[in-house]
């Protein structure tokens, strides 16, 4: 254990060369020398050639308050707060990166050592969700809500485009057989499809909804292009006029009836 050095002050008295806090940190560092903590929290001897084996420091049990719950966790005193967070993750369900550990009214950093901060057996700590993590989670929820809303809107448009695409196919088959269709049918379909194109354009592209929106926009464009071609082909067809030839018949002969008294 490192000794605390004293020196004489200029006024003839004596004062400590190190503060008590610095001495505690130095002592903790000396206790940690020759030992390392694995990610699992296990304390093992550092790999140093020729170093005599040393017994690991005894575990301490820290009391951690999280909301209305209390957890007593065994941990090595030479562990870091990050390693303690890993042990707490399985108990609280809160991921280490989302945790904030407070000891003696101060949030502790991930690389700080428990013993260097004065954490001892039965010490009390407070666990809370990190404010930055809360903000990230809020932003993520907002993003997911926008994606869900966009997907619903795109899905509704997709159903309408399916119906219009069926009508385009029906008109295409009719014209390919040489049957002229009313031009208003084609122009009406084009107008309806363009309305859906405008709706798709107004939907914000967020996450996966962006690719879905592009797929439907390409479908609408393809249908409109097909109708433009069909409009030209339809104009070249002659309207078929169906006439009926009626057969005439002579008036039926009348029969003279003889009357008898």
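Glycine is treated like the rest: Cβ placed from N, Cα and C.
TrEMBL labels come from automatic prediction, so no person has curated them.
Of the given residue ranges 1-59, 60-118, TrEMBL assigns the label region 'Disordered' to 1-59.
Across the domain 'Ubiquitin-like' (58-127), DSSP assigns 18 helix, 27 strand, 25 coil.
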